[in-house]
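Enquirer: Input: one structure, supplied below.
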């Protein structure tokens with residue numbers, strides 16, 4: 001689960017991490033009060049969306065002006081003007097795609113006198129089962145670009161969970177950033193606090209970009225992105241309360257209500273499969289035959305008729321779907337249950353696109369019989385290869 005920048009900074013503040021003061025606003029009329037409380041003389045007006053690249057982004061609406069999603073203001077009136085322009089406008093960044101995201105909240109933050117910008121992040125290293133630090137002197141940039149163009153400017157290391165964070169980890173960060181004396185001590189303290197916060201809140205990723213050294217000689221987290229392990233949210237009611245569903249895909253939210261593993265993709269073939277491995281193989285073979293999947297959808301091993309019906313409705317709610325492939329290998333999951341769910345869903349929501357069904361395994365004959373006698377226009381398939389070819393040909397011929 002992701003949260004907004006201002007929320008992430010509030011979490012960091014709980015652990016004593018140095019961040020700038022600021023106030024979130026949801027209406028343009030709140031901008032003046034926020035700016036006045038901060039006092040100036042310089043403010044930063046930041047769009048709050050779950051996407052990076054805000055500063056270099058562009059708004060779709062001409063009324064929002066030609067500046068990006070992060071703007072420097074030198075007067076209270078300028079803060080008010082930017083708030084009026086940016087709120088409820090659509091911001092397009094490298095991470096939002098061409099559709100962009102509507103800005104429904106802003107963060108008014110005090111300005112900082114920046115001397116240097118750095119990059120610092122913590123993430124779960126799946127290969128070592130440890131927390132990894134990634135550090136670079138190239139802050140304020142896309143770390144992917146730095147890794148591609150100047151990989152030698154990136155330093156990374158992992159923390160042994162048996163010992164936890166230690167002073168030498170802080171020194172490693174300070175050395176990587178070229179910090180000495182008091183600034184090196186600040187880096188050691190910062191690293192300890194970030195690691196403590198990461199563990200305490202069950203984060204998956206914490207990115208500070210940029211981490212800045214101010215002209216006053218202080219380290220400060222100027223931006224913060226946080227992602228949390230969804231499996232741990234039951235023990236973090238405070239974090240759950242920060243969820244902004246308007247930033248999430250509506251179909252993915254609906255799928256989560258039924259414990260369906262659903263991810264929206266950008267293709268045209270909807271997929272319903274049981275098992276993550278089979279789902280990925282199904283997507284691969286669709287690509288092999290020249291088309292792209294519209295989603296990843298794993299209904300799991302013990303899906304009910306109602307769960308299958310919900311899954312089918314979610315797929316058909318995507319206007320980009322031009323055909324649907326259902327690929328079920330029944331082990332725990334019974335093929336007749338899948339068939340009943342599909343028939344019920346089609347009768348309820350209708351079917352305007354080709355549908356190919358491949359069933360194999362437990363109660364397969366009963367499942368095929370249910371579909372055959374349903375009166376629905378369904379193309380049966382004998383195996384995965386046959387199913388993929390049939391759905392691709394059906395969509396191309398539609």
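Note: Cβ is positioned from N, Cα and C throughout, glycine not excepted.
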Enquirer: Kindly point out which candidate in 261, 274, 383, 393 is recorded by Swiss-Prot as part of the substrate site with 331, 332, 333.
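Expert: Same substrate site in Swiss-Prot: 274.
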Enquirer: On the 0 to 100 scale, where does the mean pLDDT of the domain 'ATP-grasp' (9-254) fall?
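Expert: For the domain 'ATP-grasp' (9-254), the model's average pLDDT rounds to 95.
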Enquirer: In whole Å, how far does the CA atom of residue 46 (ATP binding site) lie from that of residue 223 (Mg(2+) binding site)?
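Expert: Each residue's Cα considered, residue 46 (ATP binding site) and residue 223 (Mg(2+) binding site) end up 10 Å apart.
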Enquirer: Whole-number Å only: compute the distance from the Cα of residue 54 (ATP binding site) to the Cα of residue 274 (substrate binding site).
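Expert: Between the alpha carbons of residue 54 (ATP binding site) and residue 274 (substrate binding site) there are 38 Å.
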Enquirer: Could you tell me which of these binding-site residues, 109, 117, 223, has the fewest other Cβ atoms within 10 Å of its Cβ?
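Expert: So among 109, 117, 223, the binding-site residues given, the one with the fewest Cβ atoms within 10 Å is 117.
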Enquirer: In Å, rounded, how far does the Cα of residue 274 (substrate binding site) sit from the Cα of residue 53 (ATP binding site)?
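Expert: So the alpha carbons of residue 274 (substrate binding site) and residue 53 (ATP binding site) sit roughly 36 Å from each other.
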Enquirer: Just checking a number: largest C-alpha distance across 274, 331, 332, 333 for the substrate site, rounded to a whole Å.
Expert: 10
